[in-house]
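The coiled coil feature in Swiss-Prot is assigned to 440-516. Positions annotated as compositional bias 'Basic and acidic residues' by Swiss-Prot: 152-167, 432-443. Annotated compositional bias 'Acidic residues' per Swiss-Prot: 359-375, in sequence order. Sequence annotations record features per position, and here Swiss-Prot assigns region 'Disordered' to 129-167, 359-392, 414-443. The feature transit peptide is assigned by Swiss-Prot to 1-47.
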Amino acid sequence: MATISQIPFSISFPCFEFRKPSFYYHQPQLFVSYLNSTKKHSFICFACSTKQTRVRKRVKSNEELRSEIMQFVALAGLPEGHVPSMKELSAHGRVDLANIVRRRGYKFIKELVANSGMEEDCNELVADSEDNNTNIETGGSRACLEDSSTDLSKEAEKQGSLSKDESSLAGVLSLENSFSNLGDSNHSGEITEKIFKIESVELNEIADIENSSSEASVFANHSQDLYDTSSCPDIEAGNVSMTEDEEVNDVDKDFSLTFDHYTSPTSNHYTSPDLNSIKHVDIATGSSYDLTSENTMTNVENFQNQQIDDIAANRSGSADDSLVESEDNDWMSGLSSCTSSIEEKTTRFIQNGYLDTVGADENDIPNESCPEESSETTKGGEYIGDSLGGPRIMSTPLNGSALALKEIIHATEVNSSDRNSDQRDGSVGLDTDPHHETRKRENQVEIDRLRFMLDQKELELSRLKEQIEKEKLSLSVLQRQAETEIQKAQMLISEKEVELQEAEESLSGLQEVVIEYCGDGNAVEVTGSFNGWQHRVGMELQASKSIGKQKCWSTLLWLYPGTYEIKFIVDGQWITDPQKDSVTRGHISNNILKVDSQ
């Protein structure tokens, strides 16, 4: 029966730590307490109301500020790259942006907008490179998974699927265990079961190909280090005297690779090379070899051939140069021991039924004096000779991997010829090495000088660019000023044209009037109510009409139709012409001028 235990607890309010005055001085609105004396523990709950704290607005980051400014420039129709001023922002209703520009500074906003273009270009380049890398990795993993799943697709529906996180690693471990247990008839049922699991795993990987790129890379790493993983408990129980790590080192150091199988009702033999001696792994079995599935054998052979090709490629790329420096006297001194070793191995093959390999360090060479031993030794293997005349014996697996061994021979011969040619080229190039070093140093100095010149030119170009930008800015300011002045002049011209038109309309009713004065005097002027008695109009002397002391003066005026009062000024005295009509008001008398409309 489940019991419920009462655990004491307390509720703390973090906000009260920073607002102790309000906790002390504000009376709580609600106080609830529940005390039960009969129970061991009690529960107390406090509820208190405090003043709402002031929430400070979040400060906008540079990216947000830049995006808002770019949006404002686009919406306002301003040119791209233009930095809006506080006046422009306020005019368009963005007072918040105007305050931010005022606080952070116009120079900072300008640099922020200017750097946006460069960051966009860098982001595009980075995005393109990431897309290319993703496509390459996805394509490689997809091709690897498709190749490995074509041969295993027929039996995949019979088995359950593993989880996605463990599918690739489980497939690798199952494939390693089935490969290491290939010659064990006692574990044949386990190999078949593991192969079926691999088939279901491969189908799951194909179905989830987009989520398995990392798992495919794990598969590639484990396939290169196949023998580095720990073997299954069944193999450990079989008294395996050699670890997989030693097998990898032996294959990398030795020139030959041996996979020798011999099937018998009682035992299976697996032979692998070692740097110092040949080691045998005898696994006792209690059942016959019952791998009857053709697909299983085909998959194992394909995997075995692939591993042989990989090891041959690694071996051909990292061949030991010490074989080139071997001497004939060492080779001749080991002939006798090699012959006895071949005899012992031949006898062992006849008695026990399995064939040992001849290691590279023993330098076993078929002798003309022992043709029978040579033929018996090479009966179950391939004869391989290197560029130095040192033949090797490589056992051929009984499951049909002779083609892979031929590829190993071809790769080894090509590597030996390339190594010899490289050595000859190196011996020839020793004499010219100082010359090449001198040329290399001179080229490096020239490259450094060119780089320095390039940097100087780039600096000059950047300065010229800045100067051009400044000139463009000043020219744009002058252009705006000129446009403003032109607009003002155009407005003034339009106003004057209106005034001129009005003046023409007002002058359309003027009449031409000729005023004459005859009398004695030297200078005569006329004034009157037509100009407000303010301006005096000089009169010209008419010599044709003057007779003796009687002189005549005349002038031409443009006046509107009506009656005007005029007066003549003769030698500075205001007088009236007695020959014209006059009017008297009080003590003042003036001549009358009448203008009739036509």
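Cβ coordinates are placed from backbone N, Cα and C, and glycine is handled just like the others.
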Within-chain partners of the compositional bias 'Basic and acidic residues' (432-443) [C-beta distance under 8 Å, separation at least 6 from its ends]: none
Per-region confidence, the coiled coil (440-516) (mean pLDDT, whole number): 93
Per-state residue totals over the compositional bias 'Basic and acidic residues' (432-443) - DSSP helix, strand, coil: 11 helix, 0 strand, 1 coil
